[in-house]
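Asker: Let me begin by handing over the structure; questions about it come next.
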Amino acid sequence: MADDHKVESGLNTHVEKRAEEVHQLARQFTEQSTFSTAGQNPFAAEPGSVLDPIGNNFDALAWCKAMLHVHTEDEKAHPLRTLGIAFNNLYVHGFGSDTDYQKSVGNVWFEALALARKALGTQNQRRIQILQNLEGTVEAGEMLVVLGPPGSGCSTFLKTIAGETDGFHIDKESSINYQGVSAKKMAHEFRGEAIYAAEVDVHFPKLTVGDTLYFAARARAPRHIPGGVDVAQYASHKRDVIMAILGISHTKNTIVGNDFIRGVSGGERKRVSIAEACLSSAPLQCWDNSTRGLDSANAIEFCKALRMQADINGATVCVSLYQAPQAAYHYFDKVLVLYEGRQIFFGRTDAAKQYFLDMGFACPERQTDADFLTSMTSHIERVVQPGYEGCVPRTPDEFAARWRGSHQRARVLQDVENYNTKFTLNGEFLGKFRHSRRAQQARVQRVSSPYTLSYAQQVNLCLWRGYQRLKADPSVTISSLIGNVITALVIASIFYNLQPNTSTFFQRGALLFFACLINALGCGLEMLTLYAQRGIVEKHARYALYHPSAEAISSMIMDLPFKVLNAILSLVQALPFCAVVLLGLYSYTGFAIPTGYMLGWARWIAYINPINYGFESLLINEFHDRDFQCVAIVPSGPSYMDLHSRNQVCSTVGSVPGQAFVNGDAYIQSAYDYNVSHKWRNIGIILAFMVVLGAIYLVATDFITEKKSKGEILVFPRGHGALKSGKPDDFEGGSDRNASQEKSKSDRDDLTVIESQTAIFQWQDVCFDIKIGKESRRILDHVDGWVKPGTLTALMGVSGAGKTTLLDVLATRTTLGVISGEMLVDGKPRDESFQRKTGYAQQQDLHLSTATVREALEFSALLRQPAHVPRREKINYVTEVIKLLDMADYADAVIGVPGEGLNVEQRKRLTIGVELAARPALLLFLDEPTSGLDSQTSWAILDLLNKLRKNGQAILCTIHQPSAMLFQRFDRLLFLQAGGQTVYFGDIGQNSQILIDYFVRNGGPPCPPAANPAEWMLDVIGAAPGSHTDIDWFETWRNSPEYAQVQAHLSSLKLEHAQQNPLARVSPGTEREDRASYREFAAPFCAQLREVQIRVFQQFWRSPIYIYSKAILCVLPALFVGFSLFNTPNTIQGLQNQMFSIFLLLIQFGQLIQQIMPHFVTQRALYEVRERPSKTYSWTVFMLSNIGVELFWNSLMSILMFLCWYYPIGMYRNAEPSDTVHLRGAQMWLLIWTFLLFSSTFAHFMIAALDAAENAGNLGSFLLLLCLLFCGVLATPAQLPGFWIFMYRVSPFTYLVSGMLAVGIADTTVTCADNEYLRFDPVNDTTCGQYLAPYIAQAGGYLHDETATAACRFCPVADTNAYLRGVGASYADVWRNFGLMWVFIFTNIVAACLLYWWTRVPRVKKPVVAPQA
């Protein structure tokens, strides 16, 4: 009874406290108000009023109340919806398999066997329990904070509540009640009413913040908008409001960016994600660690905004937080504490701490409530009160058992029962909720649809966004249009003014075939674009903003003007080839393989090929009802003058003896088996194809989603001991947490491995200006400071204050903008070796995903440690770093990608470890090392940094959201405000007293005893959104005695080192003063090349999807062409078919380079963002290694391509008469080998200078078109205009086609097909042999029967060498052609390296030293 009374008393106290806080919040905003808001329309607010989100006086609370008033007064407005939740007996589980090991080219087949076993139901899957027996209620208007370390199940719980259960399963006995709505209806009919905001920020990087948020607001705009404004004004106003609340109004016209495209800062990007989710106006919101990357002030402001939503709109909010500030914790009503998936507390936030105190635990001084509750999950962090050592719980099961037996749990169960009684499933509330939702939807939208806008409105909105994206980044479209214009001019000049005679028959067919071919291949770039935006579209679908198919339609429509323009300007559109199936489309058009030569087993491909019908109609349109003058008569010459017309015939298929012309209909009927009656029928068939395929595509976009992440499961190489240990998989990545925490103290304190440092790094009057548009913006404004050995300096400031920029400038990692100021190491300017002698742990944990932890550390050690250090010593050093960082349990685990592989903490430790493995001789920079980590992990990271500090390491570290206890562990603070201006630089002091005294002395309010100084100082300078200060803290600092002391100390440091050795050149922090210590890179070139080449080969071996897709691209097209032309006969058309088999093989060039380019871009991004700035290895090593590994794999693929293409076609039989089967087979393989090597090096040549694979694809496709046009297949050298002969000679495909065709068909006879014989009568009293003897002697050819006296059957080609001469090829030139291909290959390599150096290697910018006053 006493416990019940205590709990009830605590609840009453909480209610009173919450009411008081709301009143204080209202008073705080009201004091800032200058206008009364009673009855005002927020959409018609006066400029500068408290309701104007653009003005400085904006009052968020006043706006919310005004908006609520307008909404309630409007009779047509939809009723406000609320959505609470009750869950009981909640169990969630997943399945792990035995195949969770690293896949490689060699072992990927085991995965196929496992899939087969799974399909047969014989695979044993391990059931993994994620959540166990959770219960609780969160009523409408309440806020729940979910606490627990990584791996405890926080993310899984939030996903379960939001209905996103992909990858795991909810037990059938579990109960979830959404205020009368079942979980099934919520996931389908009301998706978007309960949303899950993930920790990862996914946006269109080139879209501005304003456009990104306007789109989100517009997509959820209700049918009837209160306030008398249109939908555009409504969406714009809501966007401006949420941006003002979150403090990102200044980023409205800045692109969002991502890890590789510079845009808004990381903290601002996180707030963009928050704003986007808020604009969905979902009544149930689940936020997963959404304060990651935010400073304390903005984290508190975020929670304050959620509190306003809950209090005024009745929103239900569930949030998982790491390192939650105390002020943020107070905004929540309830707290759920999870310990390895078990619930160890659920209840009021003000009762949670007392629950554990009564259990026998103690809360250290200045520890926040949230940190105290989370510390219950770590036996190292939790503190037991004296006398309670033997009775407190220790394991997760013991904590859960204690909770199940508590009075608090009984009250929770009672609350769940009352809730379920009040809100019965599918009861009265469901009808009200559906009515409110329906009132918000467009009139034509389905009642059961989760979307607000109608389908047409969704398409229209996506069209608007597509146009904005096009404006932001038109480079791909413009390059495509320019390429098509140039291509049009080239093609027009080649086929200009075709004469109406039989000599142009092949050219007309080739031209139409080429038009169909290139337009059929126009989907390649679109596929790349669709995959790039897939994650964003799926996120918006989860928010119920629009159908994925609506985005698909809008992308089609957006492309239409450019496709129409392309059709007007040119016959073709050249884009990368992306699918092997396209080979069937352009092989079976009827031109490359005529209908009569299509084998019976493959004839059906032509029937389902829309390009076949298009080509037939185009050819009919070109030849129907036209007579073409004959230009070559057989026989002809001096011996055949004055003959009767029946004794001669036109040497063209479809000719009739005695006619001097050839009818077009007869020609296409004889040559292609085309019927003129099919012309309009084919157009109808094409339209039907368009409708059916378009419908399939739209349905697929709505139902087919990306492969879901398995969670952060540790993956080891196959055969590693960890796979056999039977440890359960961890779906959230926390399984190794306690293992790392259980290391002995002696192991943790072993710091002999870290080298002590002596160098002092100082900077003075550092400014950084960057040009944005036509204006210059100052990012850093006269920043001063120093870092000494054995000190840990914190760099803090509001998000966007320039903290990361300052680190980049100090670490010599900026390539843009203008830097001024002085940066010295022991009084001397930084030399070329500075970057490799410093460690820089970036905020983004970027690592090679296929490497293991140990390999990543060894790679850094081998290439970044001094060259004189023995290799064995470097490897041993890595082992010591692994021990130091407590990474032994996962040292051989694969890094993976974020979401799969190492968890956040492990990645952060690896990032620091990579820098430590380099043995930085000067200092260590760290950018947000605790961002996204829970309080215990953050403490462990700071513990590590303090160990490094004690051993003489100089450390400069930016940090967000430090607790008072974390903040106290730093020695000094460099504090920046917006604009990169210094607010304070100096010692922090015991209990932060020195820092506090400075601000109080200069006009700041006193710091409360229980307050966190790190949060308090942000409030003092007005850094939090909505807070203001009348004190110019930058000027205050510049006029303070502390600033004068800093300047004096900087001068003394410089003078001191100058006096020590004024003449010698000093490279501080090095052990040996030799020339090697001044080198840009620690390792010599050959060592760099060896190590990088080994790593790249390992990476490719461990990328089986990439390698096997490369194999498919080489094998399937070769097999397809080979068996489509299986054992091709040596007829005239057969020889042409064999030539086109080479042409079709060469077309795969585009597809091969398109596969390489995106892969290279990924590798280049990692190199340029992390490895190049740290001077790990040179750009030449990077380029040569990536080119070399592709050459190796393409060499292997050439063998497969050769075998799958050469022998099925039957070209080897052509070498039998000359007994050169083996020689010519080897020659053919060598030519195919050079083709693949050329493809690989050409891809690197194209992408070396360009950022986007799409732009490189456009350029590569254009050059590929030129190669195909001028290779001698579609137009022989004799048919080319004289101006274009040089293109025939510089095209590498010329020598490939010439060489491959000569090797394939030389030195054998030709046997004409029946339709290829020319039929005519000899003159009277002569045989056919006698009649044609003079002509055959002159022109060649042979007769079917020389003794015939009527109906002579003459074949104009007798041997394949004559055919080769006609197309400009000769077997004698084979070795020359092979040598020329190597010239092209080496030219590509040299050009790729030169282009990369010219366009992407940063030029060192020396800072401008400001003149001394």
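Backbone N, Cα and C define each Cβ position, glycine as well.
These numbers come from a predicted model, not from an experiment.
Feature list, courtesy of Swiss-Prot:
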type	residues	note
DOMAIN	108-365	domain 'ABC transporter 1'
CARBOHYD	ASN289	N-linked glycosylation site
TRANSMEM	476-496	transmembrane segment
CARBOHYD	ASN501	N-linked glycosylation site
TRANSMEM	510-530	transmembrane segment
TRANSMEM	564-584	transmembrane segment
CARBOHYD	ASN675	N-linked glycosylation site
TRANSMEM	683-703	transmembrane segment
REGION	725-748	region 'Disordered'
CARBOHYD	ASN738	N-linked glycosylation site
COMPBIAS	739-748	compositional bias 'Basic and acidic residues'
DOMAIN	761-1003	domain 'ABC transporter 2'
TRANSMEM	1105-1125	transmembrane segment
TRANSMEM	1142-1162	transmembrane segment
TRANSMEM	1191-1211	transmembrane segment
TRANSMEM	1230-1250	transmembrane segment
TRANSMEM	1266-1286	transmembrane segment
TRANSMEM	1290-1310	transmembrane segment
CARBOHYD	ASN1324	N-linked glycosylation site
TRANSMEM	1378-1398	transmembrane segment
Asker: Looking only at residues six or more beyond either end of the transmembrane segment (1230-1250), which have a C-beta under 8 A from one in the stretch?
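Answerer: Contacts of the transmembrane segment (1230-1250) (Cβ under 8 Å, skipping residues fewer than 6 from its ends): 1114, 1145-1146, 1149, 1152-1153, 1156-1157, 1160-1161, 1183, 1186-1187, 1190-1191, 1194-1195, 1197-1198, 1201-1202, 1205-1206, 1256-1257, 1259-1260, 1263, 1292, 1296, 1299-1300, 1303, 1374, 1377-1378, 1381-1382, 1384-1385, 1388-1389, 1391-1393, 1395-1396, 1398-1400.
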Asker: State the count of C-beta atoms found within 10 angstroms of the C-beta of ASN501 (N-linked glycosylation site), not counting that atom itself.
Answerer: 17
Asker: Taking just the CA atoms, what is the gap between ASN501 (N-linked glycosylation site) and ASN675 (N-linked glycosylation site) in Å?
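Answerer: Here the two Cα atoms are 21 Å apart.
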Asker: If you count other Cβ atoms within 10 Å of each one's Cβ, which of the glycosylation sites ASN675, ASN1324 has the most?
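Answerer: Counting Cβ neighbours within 10 Å, the top one is ASN675.
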Asker: Which of 476-496, 1105-1125, 1290-1310 shares the most C-beta pairs under 8 angstroms with the transmembrane segment (1142-1162)?
Answerer: 1105-1125
Asker: How many Å lie between the Cα of ASN1324 (N-linked glycosylation site) and the Cα of ASN289 (N-linked glycosylation site)?
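Answerer: Answer for this pair: 100 Å between alpha carbons.
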Asker: What is the interatomic distance between the Cα atoms of ASN289 (N-linked glycosylation site) and ASN675 (N-linked glycosylation site), given in whole Å?
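Answerer: Pair distance, Cα basis, whole Å: 67 Å.
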Asker: Give the mean pLDDT for the domain 'ABC transporter 1' (108-365) on the 0 to 100 scale.
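Answerer: Overall, the domain 'ABC transporter 1' (108-365) comes to a mean pLDDT of 85.
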Asker: Do at least three C-beta pairs under 8 angstroms join the transmembrane segment (1191-1211) to the transmembrane segment (1290-1310), pairs 6 or more apart in sequence?
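Answerer: Stretch pair touches.
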Asker: Should anything in the same chain at least six residues away from the transmembrane segment (1290-1310) have a Cβ under 8 Å from its Cβ atoms, list it; otherwise answer none.
Answerer: 1130-1132, 1135, 1138-1139, 1142-1143, 1146, 1206, 1209, 1211, 1214-1218, 1220, 1224, 1227-1228, 1231-1232, 1234-1235, 1238, 1266-1268, 1270-1273, 1355, 1357-1364, 1367-1371, 1373-1374, 1376-1378, 1380-1381, 1384
Asker: Tell me, by DSSP, whether ASN501 (N-linked glycosylation site) is helix, strand or coil?
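Answerer: It is in a strand.
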Asker: Helix, strand or coil: which one is ASN1324 (N-linked glycosylation site) in, per DSSP?
Answerer: coil
Asker: Provide the number of Cβ atoms within 10 Å of the Cβ of ASN289 (N-linked glycosylation site), excluding the reference atom itself.
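Answerer: I get 24 for this one.
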